[in-house]
Every structure is written in structure tokens, then in C-alpha cells.
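> I grabbed these lines from TrEMBL:
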COMPBIAS  900-911  compositional bias 'Polar residues'
DISULFID  Cys83-Cys355  disulfide bond
DISULFID  Cys756-Cys811  disulfide bond
DOMAIN    442-807  domain 'Ionotropic glutamate receptor C-terminal'
REGION    900-919  region 'Disordered'
SIGNAL    1-23  signal peptide
TRANSMEM  567-587  transmembrane segment
TRANSMEM  636-658  transmembrane segment
TRANSMEM  831-855  transmembrane segment
Amino acid sequence: MEVFPWLLVLSVWWSRTWDSANADSIIHIGAIFDESAKKDDEVFRTAVGDLNQNEEILQTEKITFSVTFVDGNNPFQAVQEACELMNQGILALVSSIGCTSAGSLQSLADAMHIPHLFIQRSTAGTPRSGCGLARSNRNDDYTLSVRPPVYLNDVILRVVTEYAWQKFIIFYDSEYDIRGIQEFLDKVSHQGMDVALQKVENNINKMITTLFDTMRIEELNRYRDTLRRAILVMNPATAKSFISEVVETNLVAFDCHWIIINEEINDVDVQELVRRSIGRLTIIRQTFPVPQNISQRCFRGNHRISSTLCDPKDPFAQNMEISNLYIYDTVLLLANAFHKKLEDRKWHSMASLSCIRKNSKPWQGGRSMLETIKKGGVNGLTGELEFGENGGNPNVHFEILGTNYGEELGRGVRKLGCWNPVTGLNGSLTDKKLENNMRGVVLRVVTVLEEPFVMVSENVLGKPKKYQGFSIDVLDALSNYLGFNYEIYVAPDHKYGSPQEDGTWNGLVGELVFKRADIGISALTITPDRENVVDFTTRYMDYSVGVLLRRAEKTVDMFACLAPFDFSLWACIAGTVLLVGLLVYLLNWLNPPRLQMGSMTSTTLYNSMWFVYGSFVQQGGEVPYTTLATRMMMGAWWLFALIVISSYTANLAAFLTITRIESSIQSLQDLSKQTDIPYGTVLDSAVYEHVRMKGLNPFERDSMYSQMWRMINRSNGSENNVLESQAGIQKVKFGNYAFVWDAAVLEYVAINDPDCSFYTIGNTVADRGYGIALQHGSPYRDVFSQRILELQQSGDMDILKHKWWPKNGQCDLYSSVDTKQKGGALDIKSFAGVFCILAAGIVLSCLIAMLETWWNKRKGSRVPSKEASSLKNETTISERRNTWPLKPCLKLGGNTWRSQTSSHGLHQSAQLGGPLDDP
């Protein structure tokens, strides 16, 4: 490239030498180039040289030319230089400048009747904007637009529509006139698309640094999300620098899709852009037909093009701009027009024209030359070059290139389709995400230990830890289906993540924000704050807030058999037994009953009491009382005893099978209204923030959260809150405390507690869910979400849930009593009081028996003479009875008695008043 200035000097010297040597040439053209278009001048001179060597076109005639350079933004200078060229006498004017000076040259050419072939040029390869040259239907329009109109609006609209984009951002460089895509912006606005615009400054590094300095993390991540779909309208050099900066600063992720549109993109630029980018890249550029036969690439009909322009391997050809190609074809077109004029012998000699004079006349042969140029056409480096009725070149073709999604650099590029204004889009464009095949991908997974979501299953020294749990099962299901592998590690601070004072994040979320991990999985809930910095899949399990409490312990009551009746009722029953016994004795004393013969019962107070008690416990014998009053009393007593014993039996069965110990806390509302049991959660957790936001929200209708926040926030949260969930669970088990945490975690703890000492309460409404967190802009989000939905629809997700939360667990989740879900068998504790009463009765009876024995012995030792005489009398009577003759019966006092042989019978006969006769 360093030889170009020397070539330019030689070209200028050769041009002047040629002008002096061919001063009598009848073909002279003028050229005005932008001062930055040095390569246009080189190509122009090369084209003239090639045509002057081709005798078949111009025969013996040679083309002479005059070239001048102007400031593209200075129309006055352009007009002044054009007048100088016209003063020399030119057949046509060729210009390669911007839109600013094109209008002035158009007016001058129209006035002087000089055919003006205009090649629109943009500064530094920036995409073109329409010049908007005024076209009239009159015959005084002498300007022909060699380059086709700007179709960028039509092409990009079709591509965006095919990709079904609804939200994207457009980046444009400082040299681009944004009015060039105004038509496109209007159309997408009417279609409801969300489009943002941002100008890319020349100092891209400073621009990116300013973004990081002025934006908070939430704003920066929203900006990253916007960058996932972007259109770059800029020159290739700026596009390369911009892509490199955003990739190096992690502003884009692997699922981004960018479209670069520019006519001035060559093959070298394409490879470089693909190499620097990640994600998917679509490139739209203008393309030209290339002969299939390699040997014919430098031949266009009877004209041979210089190899430096047509050989793809030539460095000069590889770096040619589109305007250079149109410059060559313009010279070729003019040469063919001149050839035709010479053949038709309708040549109009050149005339020296003056633009300064008011009465200067235009060139008389201008109209004829213009018509010849417009009717002609050539097949050159740009393909078919011809003009329509409006003086424009309608032939243009766009090529659409693209890559697939991926994170590796230097991906291959392929042709996706093509577009032209006649047939439109030829090809199918779809914005497909990552395919289901992720084999060979190794993801780094960060987690936090939380039963039953993630737990360590095996920890062997020297080997990686193995994990299990519900979240691990979900991750394995995704891995088996999609084919990826993963490496898992625990977050260094064992926290889920929360924003810090400096705006950064800690914990699991912080690992994703700083891109140290690809995905994060645990009992991680989806919250708005977290969604601002990371991406989440769809929820794979519903989330609700629960409370873990300790069950009320059953106290061992040895006298549970007395529980059916109150103490006062037992006292009344005991008093009633004594009272009725006393009344029975008094009634029999006032009106002695007539006892049947042989009756052994006496109407003593002791016997009355014993009889009433025996009948109360349904163990009474024969009724010894025959008076009407006594029978009425005993009938009422028996009815009373029947009702009391039946009620006791029924209540005793209920008390022994149903425990009536109930807790006063059965809901979150009950928890918030009481202060006897303190409660809290994990400090700075999602539950903590949820209660805080609800409690401090003045528009929250339910006062429950404000009451809960006052308890949780005691001493700035240090009094009732814990640092880890396991600490909260242990605090509930061994103290007077209630732990507010994820309901799913608490249910698992309550189900699997060996002592069944917990029960849970919670909110049945699931307002959030558990999700898998990924880096912001991760390409795996949609793939994971789709697979999770498939697991839910097929029922496989429910199977995984039942593995960790079985329906029939060993403990009752919602019962506040310390019982296990077994049958209603009674244990020894229920009847301990009965056995105690029996033991007391046995001990008491033994003591009484011992006391009676002792008393009888003591009494016998005090009155030996009486007992001895009594024994002697009984012996004498016995001897006498043995001497009495046996008689079948005795009649005494009208009563017949059988003979009695015992002393007791004799004594009884004596008591009845009948003397015993000797035989």
C-alpha cells in the first residue's frame, strides 16, 4: 500500500505527458474526486489506460482526461473546479463525491448540458444515505446516478421481519447520516417494534468505560439484555473495534445476534468480523456477479480488464471499494458510447464553455451525447450497468451471510440468502436458538447446600464431592436430555446472594454476575432484584413462605383414667355414695326390714355403705332390704349409677384414643398476632427481603407483614434471625422459637425428623417459584426452560417431587401434637393410673390384714379367762349334743326346724326362744 503515492505521482506525470502528446484528441473527459478518494483516481487512470489499448472500441482514437480533487463538503469548490474542466472542453463529467456537492454539480451540468455521471461516495466506508437528488421529467436533467439507489431500508426491514425481532438497538457511527434509515424507523414503529438508537463515538474504549462508570449494575444488565439483538450501521473498521470492545468487556453473551449492514464489506472484513464476534452474526453486503470460468474473470466481451482489478488474489483487488468498481465501469460505458457516436458519424466536437458569463451557451451536442450514454449499457466489474428512465441504475444485488450461535471464535460463515429489488428475498432466514444437542459442553455449576434441594451424598478425601437432592435430580434430567456435563461447587460464602453497598452481589448470584459460573441451582427463588442481574429459567417448583414450629409435648398423666370427669364431679360422686349409704342405713333403722330366714346380712352402717358402693360399680349382690322406701331409694341410685358409668365409659374411650392438645398457632396470621413465641428467618435472604418489603409498604392491605416485620427486625434483625437455615431449624428443636423459611424446605425437615417433633404452617398461595439461574444473556436459558416445561407436562417432575416429599411420610406435617401417623393402639401410659390404683388397693388391703391380725392377737392376750370359759362351755355343749337322740324335726312356736348338730345351730335355736327338750 505504500507504493500508492508514488503511483499517483507517476500517474499525474503520465497524464500531463499524455495530454501534451494528444492535444489534438477529440475525446476528452473530466473527473472530480473527493480528496480522500485517491484510489478512485488510480482506478480511473487504469480504466482509461486499458481502453486506450483496446483498438476494437475506440479504434485509433484515444481518451484524454483531466482530474481534480475537491473537498466533498465544499460545493463551491466543486462547482469552480467543474467550470475549469468545462472550460477545457469535455464530453462528459465523472464525479465521485458525497451528497453535499452532488447537488451543485447537478445544477451546473443541467445548465451547461454536460453529461454528468455521478458515483455516490461515503466517507471512510460508512454506509450510504440517499442523496435525494431532484429529478424532473424535463429533458434538462443531465445527471446519471451510476450507483444504484440506497436499498438499505428495504433490505434490513425484510431481514428483521424474517427473524421476527421485536426489540433491538441500532448502533451507527459518527460519520453516518441517521436520516438514511428514517424510512425503516417509521415502518418498524408502525409494526410495534421496540427500537433504540445509539451513536458510536470515535473513541470506543472511552465510550464503553463511561457506560461502566455511569450505570448501576441493574441498568448495565438491562443494557446487556438490549444488546442481545443489535444492528450495526457503520464502516467495517469501526464495526471491528466496537465488536472487540463489547466482547472483551462482557457486554454481550453467547446468545446475542447482531446484524451488520454495509455495502462496503469485502471478504477480508467478513472473516475478521466473524473472528472477533461471539454469538450469531449476520452480514449484509452488496455483491457482484463473478464469471464461473476463472479464465474469463478479466474479460468483458471484447475488453480485457487489468489483472490488478479482476484477480481476487491481488492485494489491490482485495481492498478495492465499491466506488472504485463503478469508476471503472463508468469509463467503460463512456468508451462504448463514444464508439457508437463515432460509428454513427454523429459526433459533436468539444467546445470550450464558460460558466462565469451570463450569456454563455450550453453545449449543443450535450443532449445527443446524454441519450447515447443512457441507451447504452456494459457488463463490467459491477455486472450490468445501465440506466432507467429516471437516470438511475436499477441493478443491485445484496448477499446475506451468517454464522450459527456459538461461543467459539473464528466460526465458519455461510451464505443465507440474497436480495434484489425485483424478486426480493431469495432464501430462508430463521433466528433459531441453540439446538437440543449440547454434547461436549461442560458447564460450571454453583450451588448452596439446602435440604432437600442440594445435599452432599458422598465426601471421600481426595475425590470430588458428590451431591444429591431435588435440584440435582432436575439438573441430571436436563443433562441426560441435552447431553451436557457439569462441574459443581458450593458458593464460597454459602449464601444465595444479595446486593452489597457498593452495588456488587455476593453468594451464588455473585458467582454468576462475575462469570465464575455458568449456572446456579439450589433452593433459589426468582425475585425481581435477582432478575435484574442474572437470567432465570421458568420455575420448576412453586414457592411459598412457611413456618416451622415444635410440637407440644405430651405429658405423662398416670391418672388419665380420671380425666373423663372433673375433680369436682369426682368429689360429688364420692359424696353421693356416702350420702346414699347413710340414707339407706337410716331408712332401715327407722323401719327394720323383715329378713328372710338364713339371711346373713345385717343393717349396719358399714354394710349399707358397702352395698351402695358395690351397686355403683355394678358389682352388687342380693338385695337384703325389703322395705318400700329402701327399694325406691335403691332404684333411683341404680339409675344414677347407670348414667354415670355409661358417661364415664364413653368419655374414657374418647380420651384414650384422641389427644386434644391443640396449638394456638395454625396460620401466619396467628403467628403474627402473638408474641410469646419469637420468630425470625435467615438474615438478608429472599424471605427476609420479602417480609421487609411487605411490612414497610404503606399500601399493603394486610397488617400481618407489618407485625411480622416488627418481630423479625428486633435489634436490627440480630435478635431473632439466623445466618443459616440449619441454625434456625436447630433453634426450633431445642428452644422456644419459630423459623420462617421456604415451605418446601421446612416440609422436608418435618417429614424426615426422627422424633416427629416438628409441624409446619404456611401460605397456600404460591406467588413465586424456584428457578435455575444463568449468566445474563446465557444461550441456555430458553433450552432449559423448554425442557423443564416438557418435564412438567409429562409428569416426570411430579415423580421427582414425590421422591423427596412423599405423600405418606412417617410424620404428620400439620398436626401440632407429638404423635406419629400409626394406628390407635393404647400404650401402658394410658393405663398407668389404673394399675397404680390396683397396686394401692393391694398394698392397702395387705396393711389392713396385717393390722387386723395384730389386733386380734393383741385382743386375745388381754382376755384369756373369758375365752377359755367360752371354749369350755362350747365343749360341754358339744358333748351333750352328742348324747342327744336325733330327731327329724322339732316344733316350737308354730315353726318347724330341722335338727342342728352344730353348736352354732343350738345357739341359734336358743336365740329364737325355743327350749331344747331332752330326749
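Numbers here mean position along the shown chain, with the first residue as 1.
Placement of Cβ uses the backbone N, Cα and C atoms for every residue, glycine included.
Annotations in TrEMBL come from automatic prediction, not curation.
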> Using a 10 Å radius around each Cβ and all protein chains in view, which of these disulfide-bonded residues has the most neighbours: Cys355, Cys811?
Cys811
> I'd like to know which of the disulfide-bonded residues Cys83, Cys756 has the most other Cβ atoms within 10 Å of its Cβ.
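Per the Cβ count within 10 Å, the most buried is Cys756.
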> Cys355 (disulfide bond) to Cys811 (disulfide bond): how many Å between their Cα atoms?
105
> Roughly how many angstrom lie between the C-alpha atoms of Cys83 (disulfide bond) and Cys811 (disulfide bond)?
102
> Averaged over the whole of the domain 'Ionotropic glutamate receptor C-terminal' (442-807), what is the pLDDT?
81
